[in-house]
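Feature annotations, reproduced from Swiss-Prot:
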type	residues	note
BINDING	32, 35, 38, 42, 72, 75, 78, 82, 109, 112, 115, 119, 136, 139, 142, 146	[4Fe-4S] cluster binding site
DOMAIN	23-52	domain '4Fe-4S ferredoxin-type 1'
DOMAIN	62-92	domain '4Fe-4S ferredoxin-type 2'
DOMAIN	100-129	domain '4Fe-4S ferredoxin-type 3'
């Protein structure tokens, strides 16, 4: 199982506390059918799915790279790079357990693109309609969508 969080990761961060904790959304490569409901349900386009053969799936989430399952891993590099503090590390409580999340304040964002350039997962993007897309807000919609496929490839750890 690939744990898509900041565990065992910190070489790219500017400070020790800029990385998220060891909690996050986990992806089980063996169970995943690259079917795409998790990416379609994600309100912030934080998940990009390409099937194992490299063909793009018909969804809002697309990537030029083949054979990848990319999503925000809450590493916090975008938080460190943001000069206006529009991005901050925060917490969400689910089933009485605290999880890391990245919080975005659009009114502080000047669309400089520093977070987009530094993101190690290459999931952040700027556009005219929404100032910033691609960060995980821990809404858990991807997990619900994956559960409906009976594959349970995504889980909260």
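Every residue, even glycine, has its Cβ placed from backbone N, Cα and C.
For the binding-site residues 32, 38, 115, the largest tally of other C-beta atoms within 10 A is found at 38.
Mean pLDDT across the domain '4Fe-4S ferredoxin-type 1' (23-52) comes to 76 in this model.
Residue 136 ([4Fe-4S] cluster binding site) counts 25 other C-beta atoms within 10 Å of its own C-beta, drawing on all protein chains shown. The binding-site residues in question are 72, 78, 109, 142, and the one with the fewest Cβ neighbours inside 10 Å is 109. According to DSSP, residue 136 ([4Fe-4S] cluster binding site) is assigned to coil rather than to any helix or strand. Note on the domain '4Fe-4S ferredoxin-type 1' (23-52): DSSP counts are 5 helix, 7 strand, 18 coil. Each residue in the domain '4Fe-4S ferredoxin-type 3' (100-129) gets a DSSP state, and the totals come to 8 helix, 6 strand, 16 coil.
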